[in-house]
Amino acid sequence: MTISIIGTGYVGLVTGACLAFKGHRVVCLDIDANKIERLKKGIVPIFEPGLEDLVKSGVESGLLSFTTDKASALDSQVVFLCVGTPAKEDGSADLAYVFQAVDDIAPYLSDQSVVVSKSTVPVGTGEEISKKLKVKREKLIFVASNPEFLREGKAVDDFLNPDRIVIGADESDTFTILKEVYKDFSCPILETSIKSAEMIKYAANAFLATKISFINEIANICEGVGADVQAVSKGMGLDSRIGQAFLNAGIGYGGSCFPKDVRALDQIAGMNGYDFKLLKAVIDVNADQRWRFYKKIVKELTTPSTSPLAGGDAEVDSPPFQGGVRGGCSCLKDKRIAILGLAFKAGTDDIRESIGIDYARRLIKDGVDVVVHDTYALGNARAQLSGVEFAESIANAVKGSDAVIITTDAQEYKSTDWKELGELMCQKVIFDGRNVLVVNNLESLGFKYIRVGG
């Protein structure tokens with residue numbers, strides 16, 4: 001089939017490259033001429049394992065092309081909308097890019113095209129898209145929802161080997177056409193209404209975020225009673241009704257999806273007269289979790305007489321990560337602290353809602369000499385973060401440090417030789433916000449090791 005992709009961001013590029021890999025002829029449309037020229041040369045603007053190879057092979061085979069020309073891009077039977085839906089200040093999804101894309105492509109669509117939303121959009125957006133197209137087109141244009149379930153760092157594998165494919169449509173012909181797109185995929189295909197498909201994406205992400213906040217609450221209780229959250233989460237996850245995925249205690253979720261989608265679903269509930277109390281708690285727990293761990297850092301690195309925690313939590317100001325960086329704690333002044341992990345998670349260069357970035361900014365306010373490392377995200381971080389030292393290697397990051405803070409579960413942090421790294425540090429103190437070094441037996445190497453839930 002000939003397929004058009006509107007938008008060459010994360011979702012659009014992965015979708016286009018993978019569908020071309022499956023043998024479809026794919027044309028990707030974007031208004032960014034510079035990006036399009038680079039993509040034509042096989043230069044991918046984001047890091048995602050396997051994506052660059054797919055783009056290069058797709059371009060070389062002639063099955064994948066890139067353009068800024070709407071007329072040439074939209075002579076397709078299926079058009080995927082893959083544009084951003086950023087959060088507004090109130091947490092609701094901003095659909096301006098979606099509706100602008102619909103307006104832009106409407107004059108060029110082929111008769112009886114299927115316009116498919118892959119963007120995460122509020123329930124009812126498909127109806128609005130359909131109304132807009134009916135105003136602008138006399139001939140019938142079909143609308144569908146086909147939400148993506150891609151994990152950054154594993155997106156190519158997730159697309160090519162999905163657990164399920166969800167297709168929301170109102171006409172049997174639309175299901176037939178989209179099932180043809182996915183004919184070489186062996187997973188279950190769920191046919192449902194457009195509204196249900198739109199809701200499935202929000203519900204799935206909200207549930208995964210709930211699992212994360214739940215295990216983090218359990219971790220906090222474990223610290224009080226002397227249990228080990230690693231053992232607890234394993235014991236829970238072995239239950240087939242629960243499963244191990246997303247039961248890794250840590251300092252909370254970040255990124256471009258969970259924070260945005262959870263807040264958006266809460267807004268959707270409110271707009272329909274329902275108070276989603278559980279989801280509000282998930283949001284609050286996630287915000288509190290990173291602050292709770294930061295307090296551990298302050299407490300460990302300061303003496304009782306100078307620590308802001310000396311008199312109890314009541315003396316601590318409000319969390320620094322709600323509404324931006326706040327305050328400043330002079331008790332940390334002039335210490336050198338290394339942060340390992342600037343992306344919101346391992347295996348990506350995405351720094352949106354990054355806890356490592358938040359920690360760096362707060363530590364700078366506290367007068368700390370901050371050095372940061374990330375295998376893939378240093379380039380993006382340089383554009384967002386000032387007043388820190390950027391280290392190209394783990395060794396350079398930890399050299400001369402009073403402490404190391406780990407904020408992603410990157411494999412390189414687990415597999416590195418901490419005995420050698422410890423000899424470079426002024427103080428052998430590690431704050432492991434992802435429990436990635438639990439199995440490394442750091443205490444036997446003379447480290448003070450502080451983690452989550454144990």
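Each residue, glycine too, has its Cβ placed from N, Cα and C.
Look at TrEMBL and you will find Cys257 tagged as active site, nucleophile. For Cys257 (active site, nucleophile), the same-chain residues that are 6 or more apart in sequence and have a Cβ closer than 8 Å to its Cβ are Thr120, Asn205. Under DSSP, Cys257 (active site, nucleophile) is assigned to coil, being neither helix nor strand in the three-state scheme.
The NAD(+) binding site annotation in TrEMBL covers Asp30, Lys35, Thr85, Thr120, Glu152, Lys260, Arg352. The DSSP secondary structure for Glu152 (NAD(+) binding site) is coil.
Residues within less than 8 Å, Cβ to Cβ, of Gly254 (substrate binding site) and separated from it by at least 6 positions along the same chain comprise Phe344, Lys345, Arg352, Glu353, Ser354, Ile355. What TrEMBL lists as substrate binding site is Phe149, Leu150, Arg151, Glu152, Lys201, Phe246, Leu247, Asn248, Ala249, Gly250, Gly254, Lys345.
For 338-439, the entry in TrEMBL reads domain 'UDP-glucose/GDP-mannose dehydrogenase C-terminal'. Across all of the domain 'UDP-glucose/GDP-mannose dehydrogenase C-terminal' (338-439), the predicted model scores a mean pLDDT of 96.
Shown in sequence order, Asp158 are the residues of the chain, 6+ apart in sequence, with a C-beta less than 8 angstroms from the C-beta of Arg151 (substrate binding site). Mapped onto DSSP classes, the domain 'UDP-glucose/GDP-mannose dehydrogenase C-terminal' (338-439) shows 35 helix, 18 strand, 49 coil.
Across the fold, the C-alpha of Phe149 (substrate binding site) and the C-alpha of Asp30 (NAD(+) binding site) stand 22 Å from each other. Taking each of the binding-site residues Lys201, Lys260 in turn and counting other Cβ atoms within 10 Å of its Cβ gives the largest count for Lys201.
When each of the binding-site residues Leu247, Ala249 is scored by how many other Cβ atoms sit within 10 Å of its Cβ, Leu247 comes out lowest.
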